[in-house]
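Trainee: Handing you this structure, nothing more for now.
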Amino acid sequence: MTRPFRIVVLATGPASDLGFNNMINQGRIGVSKALNIEASEYYVVTGEEVDPLLRDWVRDRTVDFVICSSVEHSTPCLNLAKEFLNTSHTYFLVRGSGAVTNNTIQITYNYASSNYISGYLAGLESKTKKIGFLSPGAAANNNDSFVYAFWVGAKHAEPNIEFYYYNIGSYLSPDATVRATESLINDYKCDVLADTLDDFSLGNTVIDAGLKAMGTNGFPQRTVHGENVLYSYAYNWTKYYLPITKNIMYNLDPINAGNQIPNAKWYADFNSNPDQNFFDLDFSVSISNDTKKAVLTEVKNLTDHQRKDHYYYCNTYLANYSLPYNKTTGCISTAAFFYINAPLEGMTYLGLYNISIDEVKPSHSVQYSISIVSGILMLIVLLMMLGIGIYKDNPSIRSASPIFLNFILFGGLIIYLGGIIWVSPVSTHQCNARFWLVTLGFTTLIASLVVKNVRIWLIFDNPELKAIKITNYQLFPYVGAFLLVNVLLMGILTGVGDLRMVEETGIDGIGKYEFMKVCKMNSQGAATLYTILGYFAALLLVGVFVSWKIRIVDIEEFNESRAIANTLYAISFCLFVIVPLMVAPQEKQSETIILCVAGLFITTAALAILFVPKFYRVFKYGVQGTNDMFKSKKPSNVATARAESASKNSQSSGTRTNRRGNMIDDFSDDSESSVAPPPASVPATGVTGATILAEFTDDSVSDIDDNETEPIENDNEDSPPSSAPTTENN
């Protein structure tokens, strides 16, 4: 030969499968080392891919020996061998035992004997007397004769053994193998399991379950998994590939023309001759010497007798199969053996395993944690609302309008409820409810804060220092308008957004046969949701702007603007952090945790900033007390300026006016006008904090003013001085 000898091995799976294909590859490597063959190649192909891969090489005589390792490859390899029988020198090694041509060699090995010995050991080792098995089945062009061989071995060792088995439908289907193995362990309590599959998925699943596996796929599993494997047998393909390759190399050498070695049919099995023994057995140290001796004795019985007399061919369990063929001996023929497919009495066939798609549910710990925290916060909010009802006459509470405070707290209550719904089991109703609750809650909370800030701005930041009457009932329609916009947008989202629950696969790293229930909407819904977020952003920007405008208010009790501003700043900051996180790829559970924790934090921070100082002042100064602002007669700069401006205007008209500048009536629901009739007398001193308090309540001054009113002189010298009796409110 003018070029190096070239071997091509065809396999159905990667050499890394730690199973059948790995041992095929080990045989190739063993031959290549022994004969110094450098052109040795391994390909993973299906039956349909054999012809396209080999045709040009065979035609051009660039390949010498093709090992078609799987039954799946046999037919296409034989077809190529027949087509190029007289035009190419390529030899094909195929699985099977039919007729051969001059360029084909056949090899088969005894599945039955290896499975019989494995079953024999399983029957001896099972503690529950329940064993399981997985096989490819008819869907993979494989009958269950070898399943029967395993069962009859176990039955021979332990007559009372219970046997359960599944067909997988393929030699290599890890997902189905794992699920079926779990079923045999959990549902049928099998403690010893085996298979005739290509990989070790069954063994890994058994080990993960805390049991000891059996290596029955031809790979020496104990070399990898040690004492986690009870027993394994390994295919030694080198013992057969090596002499076959030597014969081919001899026949292809021109020197040996006319003296070629005829092709043979090779049969691999247990053999008393070590050089021809195909199965290498390896036992765990946990197996007793008596058990090991019993197994090896059974192996010797197989090697000492002809195959037709082996126990798996000759026994009473095969009466329905053997009698039609051999009524004298009661033994089944080899041909008839391969047609055993229906389970025998005592074999429990569980059918072809169909993988069910399982739901992956969110972590219960996340659901419970967020729900419990939300529930506790809801209870705290309810206690706050009760506290506002009890202390509504306290100046610290009255200055902030109790009705408005309860409205804000109600918004927080809705948000907390939305948090509980958000982590509850997903359904179409839940998907819609959580968006409705959270958006309405935030709109109620934020809109109330913004409107309260606007009122403070209008009162304290008008250039003419005119008294302005703005009552709570005048503000509620604005909050209602904000809520109406929210309702309209959510109505659009619900109506055209197709917001619903769907079952998603291939997300968050879940398995191929797992799904998660998630909420989804169409593009119109997403656009509407972005509009809602933009609406919130605009509302926050207005609130931040107004809070900045009224930062100069110098009365502590009425300077809620600082608390409101801090709240709005905190919300804005959180949103700027959250939005980029949500845009980035996230697992659904991570997304839920971020949203819920952020929502709880924003709401709790807002309510704490607003209400903790108020209740602190209530408990510090007493039920009817407040801080020094309301106890002293220290004038408010803004209110005094208003009174002086109004006083000057009254002088020009000859009318005496109260230096309070009618600020009491600014927030009173008792008057239809923004300016009340001039009082009988005006105070001689500046406007006190109690006067300002009236501007933020719905009560008249007589309910809150503990200061004396004293007459003052009219600045107009042409007018006679007037006075009024001193009055004192109790």
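Cβ atoms are placed via backbone N, Cα and C, with glycine included.
Automatic prediction, not curation, is the source of TrEMBL annotations.
From TrEMBL, here are the annotated features:
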COMPBIAS  646-656  compositional bias 'Polar residues'
COMPBIAS  696-718  compositional bias 'Acidic residues'
COMPBIAS  719-730  compositional bias 'Polar residues'
DOMAIN    391-619  domain 'G-protein coupled receptors family 3 profile'
REGION    633-730  region 'Disordered'
TRANSMEM  368-391  transmembrane segment
TRANSMEM  403-423  transmembrane segment
TRANSMEM  435-454  transmembrane segment
TRANSMEM  475-496  transmembrane segment
TRANSMEM  527-548  transmembrane segment
TRANSMEM  568-586  transmembrane segment
TRANSMEM  592-612  transmembrane segment
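In the displayed structure, how are the listed features positioned relative to their neighbours?
Mentor: Within its own chain, the transmembrane segment (435-454) has Cβ neighbours under 8 Å at 400-401, 404, 407-408, 410-419, 421-422, 475, 478-479, 482-483, 485-487, 489-490, 493-494, 499, 529, 532, 536, 539-540, 542-543, 546-547, 550, 560-561, 564-565, 567-568, 571, 599, 603, 606, 610, counting only residues six or more beyond its boundaries.
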Trainee: So which of 368-391, 475-496, 527-548 has the most C-beta pairs under 8 Å when paired with the transmembrane segment (592-612)?
Mentor: 368-391
Trainee: Could you give the residue numbers and ranges of same-chain residues that sit at least 6 residues beyond the transmembrane segment (403-423) on either side and whose C-beta is under 8 angstroms from one of its C-beta atoms?
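Mentor: Same-chain contacts beyond the flanks: 362, 366-367, 370-371, 374-375, 377-378, 381-382, 384-385, 388-389, 397, 430, 433-434, 436-438, 440-446, 448-449, 452, 472, 475-476, 479, 592, 595-596, 599-600, 603-604, 606-607, 610-611, 614.
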Trainee: With a Cβ cut-off under 8 Å, give me the same-chain residues at least six positions beyond the ends of the transmembrane segment (475-496) that come close to it.
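Mentor: For the transmembrane segment (475-496), the list is 404, 407, 432, 435-436, 439-440, 443-444, 447-448, 450-452, 454-455, 521-522, 524-525, 528-529, 531-532, 535, 539.
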